[in-house]
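Worksheet for the structure shown next.
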Amino acid sequence: MWKQRNIWIVQGVDVDLKHILISSWSWASSIKHYLVSSVGSSRSLNRCSNWKPPPSGFVKLNTDRAKSSSLGFPSPAIVALEDAKWDIIIDETDYAQALAAISDKSRGKSKRNLVIKIKELCSRKWQVPSEANATTHILVGAMQKIPYDSISHVVSYFEQKEIKFGRVEVPFSIPLKRNQSHYRQLIVSHDAVVLGTALNERILSSLLSVHRLKVLHMDRNEYYGGEPTSLNLIQCNCMMEMQESPRTPVVMVQLSWFFGIATIVKLLLIPSYHSTDLEVHRHWLAITHSLPLSQWYTNETSEWTLDYPPFFAYLERFLSMFAHLIDPQIVHLHHGLNYKANSAIYFQRMSVIVSDLFLLYGVYRSTLALASLKRNLIWLLVIWSPGLLIVDHLHFQYNGFLFGWLLLSLSFLAQGRDVMGGFLFAVLLCFKHLFAVAAPVYFVYLLRHYCRGGLVRGFARLSVMGATVVAVFAAAYGPFVYHGQIQQVIRRMFPFGRGLCHAYWAPNFWVFYIMLDKGIAFLLRKFGFNIPAPVASFTGGLVGDASPFAILPRVTPLTTFIMVLLALSPCLFRTWKDPRPRLIVRSVAYAYTCGFLFGWHVHEKASLHFSIPLAIVAVESLEDAKHYFLLSIVSCYSLFPLLYEAQEYPIKVLLLLLHTILMWFSFSAQYSGSLWGDKKGGEKQGFEVGWVTKSYLIGVVVVEIWGQFLHPYLFGDKLPFVPLMLISMYCAIGILYSWIWQLKSILISS
């Protein structure tokens with residue numbers, strides 16, 4: 001009702017009989033909803049379930065006005081200094097007790113009496129004079145046209161008062177016994193909070209927004225202000241209640257259904273194909289169980305030497321204790337070589353399934369603040385990811401466990417808990433060092449977001465963060481430093497002699513580089529040039545093939561390192577300039593995309609490093625969903641060569657098809673019938689991909705038909721690498737497009 005009223009006033013819609021009937025019906029429906037859902041706390045829960053935080057750098061303006069009375073009205077803004085104390089308050093109340101409480105600067109004096117009084121005042125009557133509506137309409141139009149300098153003199157008033165715009169605390173009465181993690185997450189993602197929707201508050205919000213501050217514009221209840229406000233008191237208190245015990249079990253029960261269904265599928269896949277990675281990890285169990293720590297990284301009983309960081313070695317040592325109880329031969333250093341008994345297979349498969357509990361908690365914590373539809377969509381994309389099923393539960397690895405740590409780290413950063421986020425990322429690096437590609441993003445973000453606030457405070461915070469990271473790495477590598485094994489550990493972790501590409505080319509930039517080299521060499525030979533052709537160079541299916549290029553310069557690890565940094569530099573500059581929690585997941589995913597495209601000896605499995613975090617981003621906008629729809633299909637299809645046996649072919653095809661169908665219907669449910677502002681006139685826009693995406697996906701089908709049916713029929717056993725090469729090249733096009741799209745979205749994000 002209030003939304004329609006605002007539209008009529010601001011947009012000039014005529015109030016005719018049709019609109020009166022529509023509004024009357026809406027009013028009656030809202031009253032019915034109020035009466036039906038007002039039992040207990042369900043009314044508040046229902047009314048805040050679909051709240052969406054305002055976009056970064058955006059302020060919502062209201063079209064009503066709170067008229068001042070003898071009772072006064074709440075302070076429009078409370079601007080904190082760098083130490084986050086309420087030392088300076090911009091106040092407009094004429095309420096004597098409120099003024100006295102604000103001016104009271106006695107040490108240790110709580111301002112909660114003021115908080116309660118303000119909340120009481122908010123519940124008193126407001127008057128809405130119609131003349132303020134025209135003023136607001138003019139203000140909304142003028143803010144897009146007035147030059148920046150013309151309003152700087154207004155803001156200079158605040159600067160003369162030496163007010164430094166910093167993080168803001170909202171004065172609401174919330175019992176201290178409650179869990180305030182979500183409340184901190186809400187506040188820390190904004191630069192200023194404006195209370196009330198009167199004309200002065202709207203002007204203040206506009207000025208703060210023009211000065212590149214993200215404003216949370218709040219109203220006291222759900223009917224004054226309506227949608228133009230960012231949030232209201234009922235929603236804010238409700239979200240606090242939703243973080244308490246009544247809500248957490250409900251969410252966990254819902255999430256357990258997703259995890260339970262995924263677990264059933266994983267159990268059914270236990271007898272299926274597994275790669276040599278299963279023997280690799282079995283041998284690591286034997287090494288860590290049979291040998292002292294000083295010999296873990298020097299033992300060469302098998303070719304499957306330990307080459308993961310120490311925390312993963314400690315994990316293998318922990319698992320080996322249970323493996324020894326089930327079957328001692330699993331952890332026997334010599335008799336256990338190539339041991340393929342069911343006891344070994346089932347134990348290792350179950351260890352991966354159980355370790356996915358870390359992924360479960362990471363996804364749970366990353367989606368706490370989201371509406372139920374978005375939350376369920378992310379659960380579907382991550383927990384039911386066909387890529388994770390193929391890599392972890394068929395091919396065999398522990399990626400779900402590792403992504404749990406990554407998502408936990410990102411969730412803490414999104415809440416503003418930077419030390420905890422940095423700590424968890426350091427732990428992740430000590431489990432698997434390949435995640436270090438995102439370390440520059442973490443470093444720049446934490447330096448600018450956490451270590452700001454002046455030289456002394458910044459240095460103190462830098463010391464805290466540095467000590468935290470050093471403590472983690474000391475716990476991981478300290479024992480090996482003590483035994484004089486640190487150089488051997490580093491050599492194992494960074495085996496640069498393995499060559500630029502893996503046996504199956506990962507779909508990245510170097511695919512085009514190799515093909516360009518071969519194409520130029522082929523043409524030059526046709527013109528009579530004597531170009532040496534190494535036998536099966538890069539196409540022999542050899543792990544660690546370091547064959548020289550025929551024409552183009554040879555690529556070294558240093559070259560790939562420089563290219564990754566160059567590709568990452570725009571994101572680093574943007575993070576340095578604008579370190580916002582809302583962008584950290586995008587930036588980290590982009591960093592892993594850069595590492596995948598330009599890194600040294602990249603595995604095709606590394607596409608999960610950016611496709612999993614981007615599932616969190618996919619629910620933010622329609623364009624993000626369209627991008628993820630394409631990327632997820634390409635990433636999963638690029639993993640098909642991992643399962644090369646005939647009996648696994650229906651499994652991988654069925655997994656990809658089901659994932660595509662579920663994504664399509666889920667995104668359609670999320671975005672159909674919503675107004676997204678991409679089309680003029682408020683036209684409704686559902687989830688639909690463009691003709692370029694459709695054509696590309698049809699090409700995926702064509703490439704698969706060629707590799708599975710046409711190539712064997714036409715060429716037999718000749719040119720066996722061609723189908724794999726086509727998959728790699730075609731998927732590289734899609735991932736290169738994704739890299740460009742991600743870079744654009746980061747650079748233009750406001």
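The backbone N, Cα and C atoms fix where each Cβ goes, and this holds for glycine too.
Check TrEMBL against the ranges 345-364, 625-644 and you find transmembrane segment recorded for 345-364. Here the transmembrane segment (558-576) has long-range neighbours at 437, 440-441, 444-445, 448, 500, 509, 583, 587, 590-591, 594-595, 597-600, 739, 743, 746-747, meaning same-chain residues at least 6 beyond its ends whose C-beta is under 8 angstroms from one of its own. Beyond its flanks by at least six residues, the transmembrane segment (721-740) meets 504-509, 511-512, 515, 539-541, 567, 590, 593-594, 596-597, 604, 607, 610, 627, 630-631, 634-635, 637-638, 640-641, 696, 699-700, 703-704, 706-708, 711, 715 of its own chain at Cβ-Cβ distances under 8 Å. Distant neighbours of the transmembrane segment (459-482): 293-294, 297, 309-311, 418-419, 422-423, 426-427, 430, 446-447, 450-451, 453, 489; these residues of the same chain sit at least 6 beyond its ends, with a Cβ under 8 Å from one of its Cβ atoms. Against the transmembrane segment (345-364), the recorded stretches 249-270, 376-394, 423-447, 691-709 differ in Cβ pairs under 8 Å, and the greatest number is found for 249-270.
Recorded stretches compared: 249-270, 376-394, 503-524, 583-602, 691-709; the one with the most Cβ pairs under 8 Å to the transmembrane segment (653-671) is 376-394.
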